[in-house]
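These notes are about the structure you will find just below.
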Amino acid sequence: MSKRMKSILVWVVIALIGFAIIQVAILTGWITRYYEMTLMLILINIMLAVGLNLIVGISGQLSLGHAGFMALGAYTTGIITRMMPNLGGFALGILGGVFLSGIVAYVVGIPTLRLKGDYLAIATLGVGEIIRIAILNLDITNGARGLSGIPKLATWYYAYIVVVLIILVAANYVNSSPGRATISIREDEIAAESLGINIQKYKMIAFLIGTMTASVAGSFHATYYQLIVPSQFDFVRSIDILIMVVLGGMGSLTGSIFAAVFLGLLNHFLADYGSLRVILYAIALILVMLFKPSGLFGRREIKASKLFNWKKKGVSQS
């Protein structure tokens with residue numbers, strides 16, 4: 001068995017153990033319906049943070065329009081599931097949202113990914129706002145009133161399975177040849193281009209994967225909360241997602257996961273403080289960034305080989 005396959009198997013086993021622990025906690029009443037809502041929010045945020053990290057942390061492209069692609073998935077799934085209120089409609093809605101997000105990302109990515117730094121950030125911000133305003137003015141999306149009566153088809157265990165799949169896909173991409181090419185672009189675009197690496201191609205791949213992941217998160221958001229309005233997918237939501245990436249460490253998928261969990265729990269435990277919650281939340285973020293300016297993990301990852309201290313010799317013999 002190769003080292004990569006062995007690592008994947010270990011993480012799948014860990015994910016199954018985590019699934020079992022959560023299920024037991026729910027069945028025994030340790031996790032109430034309120035805590036389950038927090039769990040669902042955390043899982044959705046992990047999808048968003050991991051996807052954005054592929055764009056911002058791995059390819060080095062600052063995107064501020066991530067919430068717009070989340071909105072495409074949410075509204076596509078919301079519209080389809082209202083017509084087909086079953087798991088088939090849910091699956092079709094997810095696929096439809098991914099397809100639509102992919103097309104939009106490809107079309108806008110061709111001109112915008114040629115930009116760099118602040119120019120790219122402003123361009124992606126504009127794309128996100130264009131998507132939101134378009135949704136706000138379309139009859140099929142019900143305008144500012146949003147979509148209500150969406151069937152509740154998303155559950156925490158569906159979201160958990162999808163999160164595991166997204167993490168595995170993202171991790172395998174980062175460790176693949178295209179992923180390493182993308183990282184080289186982040187480190188030095190001129191040097192990467194001089195080595196014959198197709199800059200636009202690998203930027204586009206990371207952008208497509210990241211935006212499609214946001215669409216999936218939007219699909220779960222719509223079919224869990226059952227009500228979506230355009231204001232849920234504004235610029236502030238994009239910044240919230242970016243905060244998770246920066247807090248965890250740009251370039252660290254592990255960091256994005258831990259940051260999504262940390263901020264989700266922090267919001268949960270500060271919920272009783274009302275307006276003071278925002279101040280305490282900001283103070284907590286400032287303290288973390290003061291002591292860990294590169295994020296909780298920087299660019300480091302928790303790897304199965306390090307976690308269990310495998311010997312290289314043992315791996316090569318397997």
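Each residue, glycine too, has its Cβ placed from N, Cα and C.
Taken from TrEMBL, the feature transmembrane segment covers 7-31, 37-56, 63-81, 87-107, 119-136, 156-174, 205-229, 241-266, 278-297.
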* Honestly, do the transmembrane segment (63-81) and the transmembrane segment (278-297) touch, with at least three Cβ pairs under 8 Å and pairs 6 or more apart in sequence? -> no
Counting only residues at least 6 beyond its ends, the same-chain positions whose CB falls under 8 A of a CB in the transmembrane segment (241-266) are 38, 41-42, 45-46, 48-50, 52-53, 56-58, 64, 66-67, 167, 170-171, 174, 183, 186, 281, 284-285, 288-289, 294-302
Beyond a gap of at least 6 residues from its ends, the CB atoms lying under 8 Å from the transmembrane segment (119-136) belong to 61-69, 71-72, 75, 104, 108, 111-113, 143-144, 230, 233-235, 238
Of the listed stretches 37-56, 87-107, 205-229, 278-297, the one with the highest count of C-beta pairs below 8 angstroms to the transmembrane segment (156-174) is 37-56
Ranked by Cβ pairs within a distance under 8 Å of the transmembrane segment (205-229), the first of 7-31, 37-56, 278-297 is 37-56
Same-chain residues at least 6 beyond the ends of the transmembrane segment (278-297) with CB under 8 Å of its CB atoms are 243, 246-250, 252, 254-255, 258-259, 262, 266-267, 270
